[in-house]
Amino acid sequence: MAAWCLVNGTPAQGPERPLGMEGGGNLDPQSVAKMPGEMDKPLISHHLVDSNYSLAEVPSEAPKVGILGSGDFAHSLATRLVGSGFCVLVGSRNPKRTAGLFPAAAQVTSQEEAVACPEVILVAMFREHYSSLCSLRDQLTGKILVDVSNPTEQEHLQYHQSNAEYLASLFPTSTVVKAFNVISAWTMQSGPRDGNRQVPICSNHPEAKHTISLMARSMGFTPVDMGSLASAREVEAMPLRLLPDWKVPALLALGLFVFFYAYNFTRDVLQPYVQENKNKFYKLPVSVVNTSLPCVAFVLLSLVYLPGVLAAALQLQRGTKYRRFPDWLDHWLQHRKQIGLLSFFCAALHVLYSLCLPLRRSHRYDLVNLAVKQVLANNSHLWVEEEVWRMEIYISLGLLAFGTLSLLAVTSLPSIANSLNWKEFSFVQPSQQRGVSARTTVSSCDHTGPHCILLSRSPLWASWRWC
């Protein structure tokens, strides 16, 4: 059975940065079978917890793992590995000072002793401290070094070589694997249920990647093969990105909102002020925003379905479905989920703004003025049947559209989508122009239609159209 070891080195100074963990060694299939890797099992095995609810001694036959580093991520690694049935050895430059930071079942010792037995070493240290491990080069020969560190944005731009590649250049006789850097310390310690399960892994040695993949699965994570170590720079850039798939859809939604807000402002506020000298600027915070939101939501929802129609037409025009789509259409298809969720967000805001309309002071004044006019006109009963029915149907269709759009948004979540078979998913989502998605479009058209009618009846729009 191969040994696994955690070596823990304490950096002298430096700002806190996200770190990953590194491990190596070949796992024996029998020992892997003994490790709790199912997600429905507790993070800490019951036989590893003593009567005081602290981590007890790990069985001697458990595979050994090593960690180099004594920071928060090293502590989370040790806790997770001990709970997964590993025997953890933590290597530190100050074992006595850092022993109390780790579980009782983890053996905190010197770096030299920690790397002696294990074949897999998790290096949880900053890049600038890698050179301090050069004295262990002979002991690390033939072992698997797992780099779990992440650079800062400044370091990522400054260095053209990834942290994993730099570690491989310092230890040419060792096998370097990049893994666990996208997992936070909290997720590592509390379990994958509270975070992302995927662990990108890359290395130039397939056997080492397989070994670390088995280790990741035994810890409850899902390994993702990212290829050779040249992909390490791309893997290290993943934690530095802020919602990369949402940039274009967010700018699109913002542009649409600015357009409709500017038009509604011109029609409802500026035009009455210029032509009739009426001051309606009080409508800017709520009324104009509420009028613009459903238009944005409807256009975004239409943009979810349009690329599928264009793709089908393009395939019919080409006579085959085996040719690649143009880049603009391909990116459009890939952003449909984000566009749909932004449509739901605008629709939800429209519902909230509509509920707040009667709470405005201006609305109360309008009601009082209407009542006074009705009294002066000696009209005791004001009821227009057509307007009543029109408003009832208008609100009903809006609620129906929002309900079906909510269903589309909920089923786009991975946890819900994974529980549906393909027929159920295609019935709900816009992969087929039918079912819930079609009803959402029809209800949205019926509800948003009056806004379009108001636009067409606007004198300003008529002047534009005439020009």
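Glycine is treated like the rest: Cβ placed from N, Cα and C.
The domain 'Pyrroline-5-carboxylate reductase catalytic N-terminal' annotation in TrEMBL covers 64-151.
In the predicted structure, the domain 'Ferric oxidoreductase' (295-428) carries a mean pLDDT of 89. The domain 'Ferric oxidoreductase' annotation in TrEMBL covers 295-428.
Residues annotated as transmembrane segment in TrEMBL: 248-266 (among others).
The annotation transmembrane segment is assigned in TrEMBL to 286-314 (among others).
Nonlocal intrachain contacts for the transmembrane segment (339-360), taken as residues 6+ away from its ends with a CB within less than 8 angstroms of a stretch CB, comprise 249-250, 252-253, 257, 286-287, 289-290, 293-294, 296-298, 300-301, 303-304, 398, 401-402, 405-406, 408-409, 412, 430. The transmembrane segment feature in TrEMBL is assigned to 339-360 (among others).
The transmembrane segment annotation in TrEMBL covers 393-413 (among others).
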| Do you know the DSSP helix, strand and coil residue counts for the domain 'Pyrroline-5-carboxylate reductase catalytic N-terminal' (64-151)? | 33 helix, 21 strand, 34 coil
| query | Using DSSP, how many residues of the domain 'Ferric oxidoreductase' (295-428) fall into helix, strand and coil, respectively? | reply | 110 helix, 0 strand, 24 coil
